[in-house]
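Since the structure comes first, as structure tokens, the remarks are kept for the end.
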């Protein structure tokens, strides 16, 4: 009785703590009950629930697996599946749910979540539709939100056009999911409007709660802003997108999946530039738990960008390691092989890169076209244009495409291989003729002589005419004329070609040309002359007409000689003074030129060996210097300057203080240089 009374008290404690949400104390009471009876099914169930509420999923799963005899799958299937789901054991959770004998609403809800994580979107959509149809409770809005998330995932990852589910976008979650579905369809402007509406609804709903701060609101809006930045990036507004991405990173959101996606998008914007920033951002993609937050395609894109970043940062071994790992995970994917080939090209191993691509094309024929296009590009980069043409012509599904024909003809023309270029045209035209013949016996897929077919024939004819192949061009032009006998341009080309080969035939065909009366254009000359574009031409023509009239009037008259204009005289010209007869000669060639007169200081510069002087001894004699007249006037004396040629006139002299000033400037420069040292 004492034991029973004690257990009853513990159960009441467990009940009270459970209602208050205090699962830590409830767990302690449950453990005491299990000490009394370790196989109590209710106590074990309560213990598992308490551990789940406290976030101890691994321990809860351990309790379930330890007491399998007591806790059968019928009793605790939901709790076991939920623990496995939270521990990211998704496949195990699916098996647990499917093995349950009774599918409760809780299990169906969890089943939908498991299918979403497994990316089985069709089954997930059906599960949520069944839940919404057969349940009515307070969680209906959440189920609709999950349903819209499934539709958005289908549109984004499987490129499925979503059906209109008729969901009312009353919450910001529903608006956000609708925007994601629109992005998957490529309707970026509509998606941006939905995201703006989602932001507005989010602010309204969170601002009603007084406990929510502005930082909490910004953290909740981070995922919406991240999607806005992604739309900006897709639209080419990379600067705005980059700014918004960096703002979200500064908020330090707790969602590691969001941070990984934003970091990856920044790396794609940086490309081969700003690699140091990209190396910092790539660390965010390696955070713990990222692989459980993102879809397989998102994780794959991140790994591709890691390999490309390793290539851009010259980490060849790391690039090869990552690309090889990606290839083992997705053997049929093109990108790992293309990254390996690009790395080999950076190492100047072009032949090895082409061999790698060739092997992949042989192993995966479905991707051979894309691989061969890359091989042709590598050959062109090496200068092997002819080999590149051979590779392109081996792509059977693209041989007849106008773009491929144009590229091949251009390349062969560059190599001056006109015969091969004409052969390309001929093969493409024959391909359309064969398909036209097939459609005549069965369902009409191609219209007889389609626009593409006729366009190729015309281009072939023009090409042959340009390169002097008149005879070969005639058959093409005749085919075009038969298709459209009213085509005057084609008829003119045909006559031109025949005129060099068969003039008689050209004369016969020329009879089919329309007369000049039928070709007259109904043009209103007055309207044409008064148009805006003819104003300038009319004014210019008027001037030319006036000149022509003057010329016509003076045709019979003798041409008059043009009068020479009088030259301008200088301002100081004096008609009384006879001009210098040698004024037209250069100064050095005039008879009175005496050479350039040098200053006194320059005459004293020594030009001999060190210590010698060019100055005469008479100039250094003090007795002669005292009696000789000064060579230049002193400022204080009014003596006249002698007329000898050795004396420098005052107007040619430098100011007295000029040398001293120069020395001062040199001293200042020296001081400045000294301070710089």
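In case you wondered, yes, glycine gets a Cβ from its N, Cα and C as well.
TrEMBL assigns the feature coiled coil to one of the listed ranges (34-89, 90-145), namely 90-145. Tertiary proximity for the compositional bias 'Basic and acidic residues' (571-592), restricted to same-chain residues at least six positions away from its ends with a CB under 8 Å from its CB atoms, involves no residues. Sorting each residue of the compositional bias 'Basic and acidic residues' (571-592) by its DSSP state yields 3 helix, 0 strand, 19 coil. Helix, strand and coil residue tallies for the repeat 'TPR' (222-255), in that order: 26 helix, 0 strand, 8 coil [DSSP].
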